[in-house]
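Notes to accompany the following structure.
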Amino acid sequence: MHLGCEKNLVDTEHMMGLLDQGGYSISTNPSEASLVVVNTCSFIQDAREESVRVLVGLAEQDKEIIIAGCLAQHFQEELLQSIPEAKAIIGTGDYQNILNVLQRIEQGEIVNQVSNNPTFVGDEKLPRFRTTGKAVAYLKIAEGCDYSCAFCIIPKLRGMQRSRSIESIVAEANQLAKQGVKELILISQITTNYGLDLYGRPCLADLLRELGDVEIPWIRVHYAYPTGLTSEVIKAFREVPNLLPYLDLPLQHSHPDVLRLMNRPWQLDLNASLLDRIRSELPDAIFRTSLIVGFPGETEEHFNHLVSFVQTQQFDHIGVFTFSSEAGTKAASLANQIPFSVAEARKDKIISIQQPIAELKNQNWIGRTVDVLIEREDKDSAEFVGRCARFSPEVDGFVRLQINNTFTNQLNIGMMTPALITGADLYDLTGQVV
């Protein structure tokens, strides 16, 4: 079972690949399994609560459990003591040892397989059992993070940054191309810092140009940080033919005071000028960002600055989150903690401001002919449902294609087809195959 982000998902797929290679029978239905591996999330309190609910539910079914991932890395031995059904814990840098852990369990051992300082990063040689469907795959280009944002525990959970070599990443991309992947999504904690630890400088632009020769129609980049979007990187976005002009930028806030409290001083006064530069160099850019409201010390003035920033910048997509106080982070001990009700009200206001912007952005696509990657058929509404370059999986909207008898027999899940966009609402587009 997989909980949490797509980086966790890749780890889960590697564990499944190893189990499959080791001769174990895999089921995605826990009721059919004698032992359940749960790859957990511990990023924020809500994620921990979800992980614990799942674990308790399995324990109540008398399932033997292996607890893997961030929750195991975070709480370690405490989990084994509090959940008797847990036969092992596996840390974020230890999932490659899943077969050895199982063998030790079979010999009656309770296993603690957690490295305090994770150093492992998977590569193209590690078996992988993909769960995202034939057409879409995530590719982890690095693991860990060297930053110390005041609100974040990721460096403690996943260790310092470890980049894969360009050759390794391209090799896996070619493997995925042979499997029929149409969309490849590059992920790490900070994709724009890729290569800094390995090559002594950020090498995302070099990597993107190498991936331009891979026979995958769409390559999408997630988790790009502002300072890493140099003119060289933007030039690669402009020139690499299969690289989508989709920029996922976790800006978090706009006001310099809040950014300083977040320990993101490198971003001060950068946001607006950065976005203006990107728009001039990459006019077709699609912008997604994530924002945190209710951060300790965020005043009404700070929040109004963020409101103005959202209104001015006109992002295509925004994810808004209320601050979650995490033990062990600098932000947890900051003065002037914001009441939850105030943070929720601020979140709701940002969402209400963004919604008409998002709808207008969608409406601007009416009349365009775009490629759509078909992901499922909705027989109830007589539509094929997919995505165009504007929408990333899980976080954005869909394109709903009205089924035309002329083309119905030519369409299959996992294929790309040109479509004329004929309508738009707050979240989705509608279109017709052409």
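Glycine is no exception: its Cβ is also placed from the backbone N, Cα and C atoms.
For reference, Swiss-Prot has these:
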- C5, C41, C70: [4Fe-4S] cluster 1 binding site (BINDING)
- C145, C149, C152: [4Fe-4S] cluster 2 binding site (BINDING)
- 1-107: domain 'MTTase N-terminal' (DOMAIN)
- 131-360: domain 'Radical SAM core' (DOMAIN)
- 363-434: domain 'TRAM' (DOMAIN)
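All features noted in Swiss-Prot, drawn onto the structure.
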residue	record	Cβ contacts under 8 Å, 6 or more apart
C5	[4Fe-4S] cluster 1 binding site	C41, F43
C70	[4Fe-4S] cluster 1 binding site	G4, N8, T40, C41, S42, F43, A47, T92, L157, R158
C145	[4Fe-4S] cluster 2 binding site	C152, I154, P155, R158, M160, Q161, Q189, I190
C149	[4Fe-4S] cluster 2 binding site	Q252, M262, N263, R264
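Across the domain 'TRAM' (363-434), DSSP helix (H, G, I), strand (E, B) and coil residues number 4 helix, 33 strand, 35 coil. Counting residues per DSSP class in helix, strand and coil order gives 59 helix, 18 strand, 30 coil for the domain 'MTTase N-terminal' (1-107). C152 ([4Fe-4S] cluster 2 binding site) counts 21 other C-beta atoms within 10 Å of its own C-beta, drawing on all protein chains shown. Each residue in Y147, S148, F151, I153, I154, P155, Q189 lies on the same chain as C145, C149, C152 and has a C-beta within 8 Å of the C-beta centroid of that [4Fe-4S] cluster 2 site, without being one of the site residues.
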